[in-house]
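Swiss-Prot has this to say about the protein:
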{"type": "ACT_SITE", "residues": "CYS142", "note": "active site, acyl-thioester intermediate"}
{"type": "ACT_SITE", "residues": "HIS235", "note": "active site, proton acceptor"}
{"type": "ACT_SITE", "residues": "GLU237", "note": "active site"}
{"type": "BINDING", "residues": "LYS163, SER192, ARG249", "note": "substrate binding site"}
{"type": "SITE", "residues": "GLY111", "note": "site 'Important for acyl-CoA specificity'"}
{"type": "SITE", "residues": "SER192", "note": "site 'Important for substrate specificity'"}
Amino acid sequence: MPVRIPDHLPAAEVLESENIFVMSETRAANQDIRPMKVLILNLMPNKIETETQLLRLLGNTPLQVDVDLLRIHDKESKHTSIDHMNTFYRDFEAVRHKNYDGLIITGAPLGQIDFEDVVYWDHIREIIDWSQEHVTSVLFLCWAAHAGLYHLYGLNRKILQQKRSGVFVHRRTSQHFPLLRGFDDEFFAPHSRFAEMDVEEIRQHPQLQLLAESDEAGAYLVLSRNNRNLFVMGHPEYQKSTLNEEYQRDLSQGLDPNVPQNYYRNDDPKADAIARWHSHGSLLVSNWLNYYVYQLTPYDLSDMTAMTPWESR
């Protein structure tokens, strides 16, 4: 099934060239199917690139998805035109009264800044709090995962001396969660961050479940026991070139970054990168959307109390 996007969104041309099924709002209006309504809070600098990455994953699922793009209303984007933002993005006040099947909150280049010092932290907290009553399931990515664990569950992160960048092997910690259906025993996922969460604190928290971890990269998948919040510590949405682009950017800024691990062939930054995580990323988002959104969300979104708990399925 397709992902439904606004008419003329730039990502459409890229996705269609990759044989990803997308549908314009005009075309979708002629179908009598209840789509999944997903809101994306895009905090990444390059909005169009991140839109494309996330829509690529949503477009590979068997469900029709109706996407709204959300911005922090008083924060200008330095890397995306005002025209694009005004055309395709909504302010929170425009969606506050609505309910959604799913919410995706992206990462942000804020890894070394205390949460309380982030300029728009109050807005992030407000949106997270709102989501707990207005969204069936929330997918937090990278920085947003740390922010969500801090705000909702009081967990603190540890700032790393060096940026953790690369593609790392992960393992499931359980066989029994619908989110992990189809996962290999070990799988790859990319990371790009300056902080990490304490694995033992996650394990000991009564409201959280650790579903996947890595010896090198630490906690990766964490699910709240009420199934509402999924925290992904890495970037399964990244395209093949993203880690290289970040590495080259850091080099150009004189930051002396470490070479992304397990990413370039033979760990040589002059060689080609190897994408080992795309199938995992597609399966992760597909399972989330199917098992934690579609199968739990009420048909009538105006009644969020009608969510179906897993125990009754």
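Backbone N, Cα and C define each Cβ position, glycine as well.
This view paints the features noted in Swiss-Prot onto the structure.
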{"residue": "GLY111", "record": "site 'Important for acyl-CoA specificity'", "Cβ contacts under 8 Å, 6 or more apart": "TRP143, ILE159, LYS163, ARG193, PHE194, ALA195"}
{"residue": "CYS142", "record": "active site, acyl-thioester intermediate", "Cβ contacts under 8 Å, 6 or more apart": "THR106, GLY107, HIS191, SER192, ARG193, VAL232, MET233, GLY234, HIS235"}
{"residue": "GLU237", "record": "active site", "Cβ contacts under 8 Å, 6 or more apart": "THR50, GLN53, LEU54, ARG56, LEU57, LEU141, GLY281, VAL285"}
{"residue": "ARG249", "record": "substrate binding site", "Cβ contacts under 8 Å, 6 or more apart": "none"}
Mapped DSSP class for LYS163 (substrate binding site), helix or strand or coil: strand
Shell of the substrate site beyond LYS163, SER192, ARG249, same chain only (C-beta within 8 angstroms of their C-beta centre): SER165, LEU243, GLU246, TYR247, ASP250, PRO257
Cβ-Cβ neighbours of HIS235 (active site, proton acceptor) (radius 10 Å): 25
Farthest-apart CA atoms of LYS163, SER192, ARG249, residues recorded for substrate, distance in Å: 14
